[in-house]
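Residues annotated as Zn(2+) 1 binding site in Swiss-Prot, with similarity to another entry given as evidence: CYS2, CYS5, CYS30, HIS66. If you look up Swiss-Prot, you'll see CYS30, CYS33, CYS61, CYS64 marked as Zn(2+) 2 binding site, on the strength of similarity to another entry. Annotation source Swiss-Prot lists Zn(2+) 3 binding site at HIS59, HIS71, CYS88, CYS91, citing similarity to another entry.
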Amino acid sequence: MCVDCVEKEYPNRGNICLESGSFLLNFTGCAVCNKRDFMLITNKSLKEEDGEEIVTYDHLCKNCHHVIARHEYTFSIMDEFQEYTMLCLLCGKAEDTISILPDDPRQMTLLF
């Protein structure tokens, strides 16, 4: 992973969890070949462990194949919620939780 290729290391992305793709706005250019171009996604893998899906892949410079960052995305179901996380030097860090029920219990108002 190369901190010289990104504007900000692990930017906070709130609840935007990417299973694929690249956050190009954070890419300043390849520190090896000095070009700012699209990236390749390589070594993509999907593993399932204990009900959790883990997607990992590498962001590579399209021109010189320099490894810019390693991307990790996870998905799991906990009780009545889907939980997503993302951790990547380039794309950032993020978490999101979404209810699988028609009405989100966190959004219910108390009727007293």
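Numbering starts at 1 and runs along the chain as it is shown here.
Including glycine, each Cβ sits where the backbone N, Cα and C put it.
Mapped onto this structure are the features recorded in Swiss-Prot.
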residue: CYS2; record: Zn(2+) 1 binding site; contacts (Cβ under 8 Å, 6+ apart): ALA31, HIS66, VAL67, ILE68, ALA69, LEU89
residue: CYS5; record: Zn(2+) 1 binding site; contacts (Cβ under 8 Å, 6+ apart): PHE27, THR28, GLY29, CYS30, ALA31, CYS61, HIS66, ILE68, ALA69, LEU90
residue: CYS33; record: Zn(2+) 2 binding site; contacts (Cβ under 8 Å, 6+ apart): CYS61, ASN63, CYS64, HIS66
residue: HIS59; record: Zn(2+) 3 binding site; contacts (Cβ under 8 Å, 6+ apart): SER22, MET39, LEU40, ILE41, VAL67, ILE68, ALA69, ARG70, HIS71, CYS88, LEU90
residue: CYS91; record: Zn(2+) 3 binding site; contacts (Cβ under 8 Å, 6+ apart): ARG13, LEU18, GLY21, SER22, PHE23, ASN26, ALA69, HIS71
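Each residue in ASP4, GLY29, ALA31, VAL32, CYS61, VAL67, ILE68 lies on the same chain as CYS2, CYS5, CYS30, HIS66 and has a C-beta within 8 Å of the C-beta centroid of that Zn(2+) 1 site, without being one of the site residues. For the binding-site residues CYS30, CYS64, CYS88, counting C-beta atoms within 10 A of each C-beta gives the highest total at CYS88. DSSP gives CYS91 (Zn(2+) 3 binding site) a coil state; it is part of no helix or strand. Taken residue by residue with DSSP, CYS64 (Zn(2+) 2 binding site) is part of neither helix nor strand, so it is coil. With the fewest other C-beta atoms within 10 Å around its C-beta, HIS66 stands out among the binding-site residues HIS66, HIS71. DSSP gives CYS33 (Zn(2+) 2 binding site) a coil state; it is part of no helix or strand. Taken residue by residue with DSSP, CYS5 (Zn(2+) 1 binding site) is part of a helix.
Listed in chain order, the residues near the Zn(2+) 2 site other than CYS30, CYS33, CYS61, CYS64 are ALA31, VAL32, ASN34, LYS35, LYS62, ASN63, HIS65, HIS66, each with its Cβ within 8 Å of the site Cβ centroid. Note on CYS61 (Zn(2+) 2 binding site): other Cβ atoms within 10 Å of its Cβ, all shown chains, come to 23.
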